Amino acid sequence: MVSGEKGEQAGRPGEQAPGGEQLALIRETVRKAKEPRAKPRTWRGAALAEGLPVARVLVDKGLVHLDQFFDYAVPAAMDEDARPGVRIRVRFGARVVKGRREGGTLHDGFIVERRADSDFAGPLAPLAQVLSTEPVLTPALLRLCRQVADRYAGALADVVQLAVPPRMARAEREPSPDPLPDPAPPAPGPWTRYPTGPAFLQALARGDTPRAVWLALPGPHWPLELATAAATALAAGRGALVVLPDGRSAARVDAALTALLGAGRHVLLTADAGPEERYRRWLAVSRGAVKAVVGTRAAMFAPVADLGLVALWDDGDSSHAEPHAPQPHAREVLLLRAREERTALLLGGITGTVEGAQLVDSGWALPLAAAREEVRAAAPLVRTVGDADQARDEAARAARLPSLAWRVTRDALAHGPVLVQVPRRGYVPRLACDRCREPARCAACSGPLEVREEGGTPSCGWCGRPAADWHCQECGGFRLRASIVGARRTAEELGRAFPKVPVRTSGRDTVLATVGAAPALVIATPGAEPVADGGYAAALLLDGWALLGRPDLRAGEEALRRWALAASLVRPAGQGGTVVVLAEPTLRPVQALVRWDPAGHAVRELAERAELRFPPVARMASVTGPPAALAEFAELVRLPEGTEVLGPVPYRVPRAQGGEGWERLLYRVPPGQGGALAAALKAARVARAARAAQLPLLLRMDPPDIG
DNA sequence: AGCACGCCGACT
DNA sequence: GTCGGCGTGCTC
């Protein structure tokens, strides 16, 4: 059986979120004693709605961090329209002068509940206006937002802003199309390439909740596989949600689903559509007219009715992390939904993440991968060019192009396009000695040397001093190695070496979705690789050195991810597909690529994290701010038992917003305690805000930049 | 977060 | 004598 029905075990998804406590905490602040009165008093004697004269309101921008609801009186005239979930406008922040309310600014908000009475002791202000009768913040969506807010120690209003798109009146006026009948179940198609693939679909078709961490075979079939899974859920009468890291991949799944089911049974929720069309599609989902959603990050909140399957593609892609507060990650939100809404889960990618490996390790999800011979049949041949090879290769040194790479390119160009993956421009890796690879450091302050522009003088990344006459402290070498410059130049060399072959580039400003099957050199930055018709004949991965040189916990996972994504666009080895990666063959991610064993890599990474007690084997949170703010916070917070406090240490604030002299405090708790930690941090933040909190403070669950 | 009320220094 | 400093408390 593919299904992991045996109940929630230890590990994050099964974590019994002390969200309950959190809810209680918030309710207490609303329910400050006082027994309810028969009739709420109100300002101005206007007639109130008869049945349920009180509306509990989520005020959009006022007091966000206090995270509480406010009760308003419902005028009789608004009784009909003021339903739970609708957008309203209220006066907030007024003050009483000589028995009259004065001032108060209009705020947008949502009605979360209609009630017979209020817990609030004072007189209630009336709702100012019902903006729209569309119940957008439905009880189910509200519950999800609440859980995400608790999970991330954030405010409900912040999450709601992420989950409910801005209103577009025109789209709202139009009726949504009538829902289509459930489709017939699709054929398993390429899923038969995986031993447990058909079983996963069958469980889905039965309405079970199978949960799988899926390692997709390299090649062009994964969009159809995702679409097939979604269509199977639909055929079983349930909804489906597929989240992808970018518009291009979402468009591919959208196309596959349209090919499978025709139009009208799903919507594509991406930024490309524009706000009005996007809202129109979102409404179709919210109204239950459409039961399947394919989209990018923000679609993770899509209010799909009777959700039966959540699927996430390539969860290692950093764009799955929402940049806005409280910075929820699509993987975590979808795991939450899978648990709370009792849905199947499909966490897929060409490679995996440690988080995925942990889901398998805990038994909550089952691995879904192809057999070894199937992998061998689908994967390209991977060859490495390490330092030793390059050093030996005199011709290569002269041409700045390893001869293996040159030969592979020449041979492959006879059969089709060749992909050249180069590091992203503007990405500045550390410089190192060309001879011994020792990182190049500033003679004055030991900061890392950088080259800001191609051909420029290297300078210190800390103190800014130029280092024109640098020489290596270790070996006396005087040549610097900068992989960006090197790789870009290599790409240029290639273009010159094959003058008759067209060169196409895909990167930041112009990202190509596809290229044809004709011979061409396709230069692309990671993540911007076009899909080649019939697959690339070969790929050169020139940024190995840059990817692995980063002092990041995820450097290895990320390097493997980017290489494998590029390599997955290359034809299988049996059809001559070859990949050359310029990286040390002894390194773990390089070996994983050569053997095409991303699962093994993730498992080893997980074991290492467990040993170091690094996330996701522990849960962490960071608090960043001026030392005084940290001290104040540390005094206020009541941490759950067993919390480790790390730091504070000086911390450079990423954005210019912060300031000099900030520090960062890390909290670490064992797995299963994340919810308790989040609740504690949130309580402290609320307590701090209730006082006069003028010092800035950034709070973050699962900080991404540790190690 | 805003915004006003509230008790102590240098100005017409 | 008054204008105004920002400390503290409230917002349905």
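Every residue gets a Cβ built from N, Cα and C, even glycine.
Listed features, source TrEMBL:
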type	residues	note
BINDING	A:C442, A:C445, A:C460, A:C463	Zn(2+) 2 binding site
COMPBIAS	A:177-189	compositional bias 'Pro residues'
DOMAIN	A:57-165	domain 'Primosomal protein N' 3' DNA-binding'
REGION	A:1-21	region 'Disordered'
REGION	A:168-192	region 'Disordered'
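If one looks beyond the compositional bias 'Pro residues' (A:177-189) by at least 6 residues along the same chain, the residues whose Cβ comes under 8 Å of a Cβ in the stretch are 197-198, 201, 205, 221, 224-225, 228, 231-232, 234-237, 260-261, 264-265, 284, 288-291.
In the three-state DSSP scheme, A:C442 (Zn(2+) 2 binding site) falls into the coil class. In terms of DSSP helix, strand and coil, the domain 'Primosomal protein N' 3' DNA-binding' (A:57-165) has 27 helix, 37 strand, 45 coil. Broken down with DSSP, the region 'Disordered' (A:168-192) shows 9 helix, 0 strand, 16 coil. When pLDDT is averaged over the domain 'Primosomal protein N' 3' DNA-binding' (A:57-165), the result is 93.
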